[in-house]
Amino acid sequence: MGQKRQRDSKSSTFHAKKRKKAENATAPDSDDGWDGIVGADELNWKEVALPDHLEDAGGFFGLEEIEGVDIVRGSGNGEVKFKAVAGKPKKSILKKKAPEDENSEYDEEWSGFSDDDADRPENASSPAVEKPEKSDTKADKKSEKNADKKEAKDAKKKEAKAAKKEQKEKGSAIQHDTSINAGLSFAALQDTEEDDGADVSAWDSLGLSPEILTGLSKMKFASPTSVQEACIPQILEGHDVIGKASTGSGKTLAFGIPILEHYLEKKRDDISAEKEKKSEKDSTPIALILSPTRELAHQLSKHIGELIAQAPGVNARIALLTGGLSVQKQQRLLSGADIVIGTPGRVWEILSTGQGLIRKMQQIKFLVVDEADRLLSEGHFKEVEEILNALDRVEDGEVPGGENQASEEESDPSSERQTLVFSATFHRDLQQKLAGKGKWTGGDVMDKKESMDYLLQKLNFREEKPKFIDMNPISQMADNLKEGIVECGAMEKDLFLYTLLLYHPKHRTLVFTNSISAVRRLTKLLQTLQLPALALHSSMAQKARLRSVERFSSPSSDPSTILVATDVAARGLDIKGINLVIHYHAPRTADTYVHRSGRTARAGASGKSVIICGPDEMVGVVRLAAKVHANMANGKKLPLESLELDRRVVSRVKPRVSLASRITDANIAKEKISAEDNWLRNAAEDLGVEYDSEEFDESNGKGRGRGRGRHQKQKEVGSVSKAELAGLRAELKQLLSQRVNVGVSERYLTAGRVDIDALLRGEGNASFLGPVDPLHF
C-alpha cells in the first residue's frame, strides 16, 4: 500500500481561515457561540399589506409577519423564541443593524485649517498619523474600488445618453433633408395629398389643441356633432356636465376629447417644470369611465384609443377592466394607466383587493358615467355605489391636532374632480315596466327637474347645479329612424320574423329577444334556414361574445349577417351598417326600446325598427308609444306604423319555417335530455348509487308536480330518430333551393308580370320569384 500524502500546511491554514470567516459571517457580532435561537425583538419583521377596503381592519392595522422561522419553546419559563428553518441563512431573519464605521475618524467632515495646525512643526505631522491596520486598508481599498466602479458606470451612462441624443439630432436633420428633397418630386406631392385628412376648420371654435385637431383630421371627422359642440366647451371650462342626446350622436368623443386635452396640458406642465419621469407605480390615472356592459366598455376603449393613435404626441395609456378576462393582466395595466375604462363589477373587484389603488383613484380629475340611467337604476350594479363611496371617502388624520389639515389635503382631489354623465334617457318613468296590472303613469317623458334631482341624489357633483345639456327635449329617437309594428298570432312569430328577413336581403339585421333561451333557439332556427346568424348573450364566454361582435361588424363579412341578442347589446354598441332592428319580443321598458332602436340610424344615417307584436303584448306596445312619443306635435304622424306583409309570401314560406322549427326543437330537446342524463349519472356516481334512466323516467312521469307536461313534451320531441331528422333536412333543403313563388307560372314565365331581363341581371329581391312590393314606411 502506498503511503498517504500529507496535507500542505499552507492549504490547511487557508481552509481554517475560510471556516472561521464563514462562522463569523453567520453569527451575530455580540455572540461567538451563537446557536441560532433569538427572541422576537431581534427578528426582521415585515409589515402586513392589507387591502384598501378593509381600512384599519377593526384596529388590527399595523400587523407584522415573518417567514422562514420555527418556534422554539423554553423548557422552564415558557418564553417563546425563534430560529431559522433548515436551509435558510440564519442572518436573513435578523434585524439589519446599522453598519458601524470603523474608519469614522477618517470620514469626519473637514472644517478648515486651525491655528494649531499652523503652529505645529512639519516633521511632527507625519508621526501623528498612525498607520491603519491591514484589515482597515483592505476595507478602504474595497470601498475605493466600489466607488471607482460606480463612477465608471455613471460615466458610461452619461456617454450613452449623449450618444443617443446626438444620434436623434442627426436622424432628425437627415429626415428634414430627405423631406425637403422629397418635396421636389411630384410623386411625393401626390402621396402627401392622398394622406391629407379632412378639413377640421369647423372645430376651431372649440379651442382644441393642434394634436387633437390632427387626430380628428386623420379620422375624417370634419365637423363636431351638436352634442360635442355643446358639451366640450363646458367640460374644458371645468363644469360638471349632464349630457342627454339621442343614440349615435357622438357622446363618446364629447367626453373623450376633454380628457385627452387635460392629458396634454398636464404633459406640458410636467415638461415646463422639468419634472422627473414618474415610475408606473407612482403614476395616477386622470379619468375613470364606467360602463354597464362589457361590449360598450370595449367600444369606448377602441374609439378613444383610435384618437390617441392618430393624434401626435398623445401617449395616454388605457386600462380596460372587464369581466371574463385575466385579472392579473388588468392589474398590471392599471398600475401605469392614464385612463381607466371598465364595468363596475371588475373595477370594484380590483380596487377592493389592491393596496393603495383607492387612494390613487381618489386623485382622478374626471369621473364619467356612461349610460347613467342604467348604471344608477335601483336594484342594479351595487358595485357602482361602492365605487362612488370609495372615491368620496375622506379619512381622518391620525394626529389629533392635524385632523383638519389632513382632511383638507385628502379632500382636495375629490373637490377638483369633474363628474360627467351621459345617456339617451334619464327619466325614471321610462324604466317602469310596460306590461302588468300595476299603476301606470304616463305624461311628460323629458322632465328636466326630475332628471336633475334623480342624478343629484346618486352622484356627488362638485357644483351645486351641474350643466344640463339636452340635445333632444322633444323626442329622444333619431330623426332618420322609421318605426313600424307587425301584428301576428302568438305562435307565428318565427314565421313573421323569417318573412321580414326575406323582405330585407343584404341588410345587416339585429334581432332582440327578452331571454337567453330564445336567443339560442332563434340562432339555431335561422342557421337551419341557411341564414348567417350569430348569437350574443351574457352567458357566453367573453371571448365568444367579442368574436360574435367582431364577425357581425366586420366589413368583409356577409352583408346579410344577423345578430340575435339579448338587451346586453342594446346600449352603446356602435356598429356601422346596421339597417334593420327587429324586436322579436316587445321590450319590457320604454328606455330599453329607445336604446334598442338606437343601434340603427346612427350619425345621420337612416334605419328601421320593427316590433313583432303578439296579442298578449299589445297593451305594453300601446303604453310604449304613449311614453316615447308623448310630445309628438298634434299627432300628425302615427308613432308606430302598422306594416302589412303579403299573405301570399307568408303562406309560401310557412312549410320552410315549420320544418326548420321541428328540426331545431328536436336537436335542442336531445341536447337537454343528454345533459340532464349526464348530470344525473354523475350525481349517482358521486353518491355511490346505481342509476337507471328508464326507472327514473317512469317515476318522474307518475308525478303531478309543476313542469310535468313540459318534460313529457320535451321527451316526445326528443324521441325523433336520426333517420327522421335526415328526412326533414332533405325536405327543407329542397324547399330552400327554390325561390319563393308568388303566383308565377314556372312553365310559362312570359305569361305573367315577371321581368325576365331583371331576373337574368340579378336585379330585385333574389328570394322571390315574381313581383313583391317592398315595405315602405
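Keep in mind that glycine also has a Cβ here, set from the backbone N, Cα and C atoms.
What you see is a predicted model, and the numbers here were worked out from it, not measured in a lab.
Taking Swiss-Prot as the reference, the stretch among 27-55, 201-229, 433-461, 636-664 described by the feature motif 'Q motif' is residues 201-229. Which of 370-373, 470-473, 594-597 counts as motif 'DEAD box' depends on Swiss-Prot, and there it is 370-373. Residues Thr225, Val227, Ala424, Arg602, Ala603 surround the recorded ATP site, their Cβ atoms falling within 8 Å of the Cβ centroid of Ala245, Ser246, Thr247, Gly248, Ser249, Gly250, Lys251, Thr252, which are themselves excluded. Following the DSSP three-state reduction, the secondary structure of Lys251 (ATP binding site) is helix. Helix, strand and coil content of the motif 'DEAD box' (370-373), in residues and according to DSSP, is 2 helix, 1 strand, 1 coil. Secondary structure at Ala245 (ATP binding site), taken from DSSP and collapsed to helix, strand or coil, is coil. The sparsest Cβ neighbourhood within 10 Å, among the listed binding-site residues (Gly248, Gly250), is found at Gly250.
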